Amino acid sequence: MSGSLRVGRVAGVPVALNWSVVVIFVLIAAGLAAGNFPAAYPGDPAWAYAVAGLAAAIVFLAGLLAHEVSHAIVASRNGLRVERITLWMLGGVAEIRGEARNPGMEVRIAGIGPLVSLLQGVAFAAVAAGIWLAGGTGLVRGVFAWLALINVALAVFNVLPAAPLDGGRLLRAVLWKRFGDRTRAAIAAARAGRVLGAALIALGLLALLLRGTIGGLWFLLLGWFMLAAASAEERQTRTVAALSGIRVGDIMSTRPQTVPPGMSVADFVDHHIMNSRHTTFPLTDDGSPVGLVTLDRVRQVPRERRGDTSLREVACPADQLTLTTPGERVNELLPRLNGCSDGRALVVEEDHLVGIVSPSDINRAMEHQTLRRDGGLGAEGIGAEGAVIGQQERPRGR
């Protein structure tokens, strides 16, 4: 997810915060401190409400992280690799490389998240009840009561049978088990997500028109996200199905034009761009990829700074590149084609660059598969995950 800052590791998995998480943090903390808590527990000083709001918001985000970490741990124990966890405005995302190999594995990975949220809700409710029985202050009890309510609500919402929610994964597992067709099950779950998204949007509009409440905006935002994510998931499912059995080595562009990382942006513009049909250039050091620069990144460097700015400074760095091998299946690579690599993957063998995969390579393979299957699932393109500026074309003669 673009605009994210890596903040550390939990259970061995990198954790990043998207800038939008600040929005939800501020809204929750301010809403509780200035609205919910003073109304429910009057008589405390303003600083107490502020501290309570901040504490509730922090613990809430920690709970979201625990939800995603549980997915990551179960996925890892089932042989899948977790790239990272990202928290953002509407929750969290555990980026898992690969897919569940059977319905039971799907249930384990998807079901653990809502279960963790539910257990957190029960634990917070128990603490709130204990404080009440001990005669503790209303505000402290209110913080735990709110955390209990929000975690139980998240657990319930997450098990709704619609993608991209955990409940959508559970629905997919059930349909997969029943019909024996994973693609059919995934498309059905994605369509259920589109229906739920549309329903939330309609509910939000009604709330705004009839009551004029700000809650309607949340329903609109959540519905829009559900609709967009479910549509993207259906496209991704069709893409993966169309590319089943194809390996990276079958579609990659070989002998990509490379440039040294120490070259200045000015020299690159003056001596390389005009002589090349490409818009993406891997940076290599002794044959190993150390970065990836695109024309869009070069454009962002002011003309007066190009002479003393190296390509390494503006390129996607080595630790954020999407690397693959000729033997990897394309449908396993697709979920990783995001981030600063601009929808591309660099193909390596024994740490040496041997090729590059771009959205144009994947779309060409899809078109080929569609023609071979005489219609098949239809080629809808790589979708949002591979949206980039420009393309890396195959060298002439191939």
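Backbone N, Cα and C define each Cβ position, glycine as well.
Automatic, uncurated: that is what TrEMBL annotation is.
Predicted, not measured: the structure shown is a model, and the values here were computed from it.
Over in TrEMBL, the protein carries these features:
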type	residues	note
ACT_SITE	Glu68	active site
BINDING	His67, His71, Asp166	Zn(2+) binding site
DOMAIN	252-309	domain 'CBS'
TRANSMEM	12-34	transmembrane segment
TRANSMEM	46-67	transmembrane segment
TRANSMEM	109-132	transmembrane segment
TRANSMEM	144-165	transmembrane segment
TRANSMEM	186-209	transmembrane segment
TRANSMEM	215-232	transmembrane segment
The number of other Cβ atoms within 10 Å of the Cβ of Glu68 (active site), counted over all protein chains shown, is 24
Ranking 12-34, 144-165, 186-209, 215-232 by the number of C-beta pairs under 8 Å to the transmembrane segment (109-132), which range is first? 144-165
Stretch in 12-34, 144-165, 215-232 most in contact with the transmembrane segment (186-209), if contact is a CB pair under 8 A: 215-232
Counting across all protein chains, other CB atoms within 10 angstroms of the CB of His67 (Zn(2+) binding site) number 26
Excluding His67, His71, Asp166, please set out which residues of the same chain place their CB within 8 Å of the center of the CB atoms of the Zn(2+) site, keeping sequence order. Glu68, Ser70, Gly92, Ala94, Ala110, Ile112, Gly113, Pro114, Val116, Ser117, Asn158
State the count of C-beta atoms found within 10 angstroms of the C-beta of His71 (Zn(2+) binding site), not counting that atom itself. 25
